[in-house]
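The structure appears below as structure tokens.
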Amino acid sequence: MIFIPIIILIYLVSIAASDKSPKIKKNPRNVVAVADFPFGGDTQVKGNVVFSAKEGKHVNVHIDMTGLPKDEGPFFYHIHERSVPGNGNCEAVGLHFNPYNASPVCDEQKNDAYCQVGDLSGKHGCINTTCFELKYSDPYLSLNRKSKSYIIGKSVVFHYPNLTKIACADIEEANELRLQSLIDEYTQTDDAIQLKELNTPLETDYKFDEVEALSSEIYHSDTDSDPPQQELISTEKLYNKTDNVYSPEETRPSDQNKKSHRHSLLPLAKWKKNSPKNYSNISIHGISSDCLNDGMMVTGSVFGSLVLGIAAGIFV
């Protein structure tokens, strides 16, 4: 059959064609973004994803979710390129946020710089429980609206392994009322880390220079043995030329041609990175021991996963 060699060829080409994202060294300290669930899709999925950078450096991500379907994981989650329409249709959010045209096969890349900016589960691990809380920093996300990696106005989407969307929500800048409600949540749960992240006062004269910060978006060397490199990228290349607004559904491009995400069915073990994570059973919105995933099945063969992933990803 010709089909399988073609699959292998597409897989290899996608890996070779990966483009590299810069690390974001400066972010506004006075911006907090949040995706609140439920919004679109399954209304039983509740919680939030909070993005902040109170130190002015990398974006810190705090995920606290509950209500994902039992016995259906592992679950994948990504930032998608468009916001959720008013009718809550998760199919209208477009493809993964991928401003540097990276390969969808994050697991096979040299490092996370070659992954899609929005592929959060590819960079940080998929979820294998129905309720979870975790914290990590992602140096490839930006809260600077001039950056190509700017995430506000886009959406967070949770997927089944076959890429069917479960739930989605807009990433919005938190106003003072929403920020205070987050602080109240973390106060009730004694989450000192998040309280420090959100409740640290700024200097009265604090200002963030959006254009100047672009000069701090740099490529790093791929190997630890190489001397440090700080290759500055031209402002023109980094400047975010999209409007990042919630455009009416009828003005959005068609989403009929969906990209294949072949990594979605790779074995769960392949996704467990060595980087530390703050997985725990306690969640603000639930306790994961009350809703464990029993008997979760994951494809065990990379080649089998590749065939299934292409069949599920290209033609769905």
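Quick reminder: no glycine exception, Cβ is built from N, Cα and C everywhere.
Here Swiss-Prot flags His96, Asp119 as Zn(2+) binding site, drawing on similarity to another entry. Per Swiss-Prot, the feature N-linked glycosylation site maps to Asn128, Asn162, Asn240, Asn278, Asn281. Annotation source Swiss-Prot lists GPI-anchor amidated serine at Ser288, citing sequence analysis. Sequence annotations record features per position, and here Swiss-Prot assigns region 'Disordered' to 243-263.
Locations of recorded Swiss-Prot features on the structure.
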{"residue": "His96", "record": "Zn(2+) binding site", "DSSP (3 states)": "strand"}
{"residue": "Asp119", "record": "Zn(2+) binding site", "DSSP (3 states)": "coil"}
{"residue": "Asn128", "record": "N-linked glycosylation site", "DSSP (3 states)": "coil"}
{"residue": "Asn162", "record": "N-linked glycosylation site", "DSSP (3 states)": "coil"}
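For His96 (Zn(2+) binding site), the count of additional Cβ atoms within 10 Å of its Cβ stands at 23 [all protein chains shown].
Using a 10 Å radius centred on the Cβ of Asn162 (N-linked glycosylation site) and all shown protein chains, the other Cβ atoms total 14. Every protein chain considered, the tally of other Cβ atoms within 10 Å of the Cβ of Asp119 (Zn(2+) binding site) stands at 26.
Each residue contributes its Cα atom, and for His96 (Zn(2+) binding site) and Asn162 (N-linked glycosylation site) these two points are 15 Å apart. Neighbour count (other Cβ atoms within 10 Å of the Cβ, all protein chains): 18 for Asn128 (N-linked glycosylation site).
Cα to Cα, Asp119 (Zn(2+) binding site) and Asn162 (N-linked glycosylation site) are separated by 15 Å.
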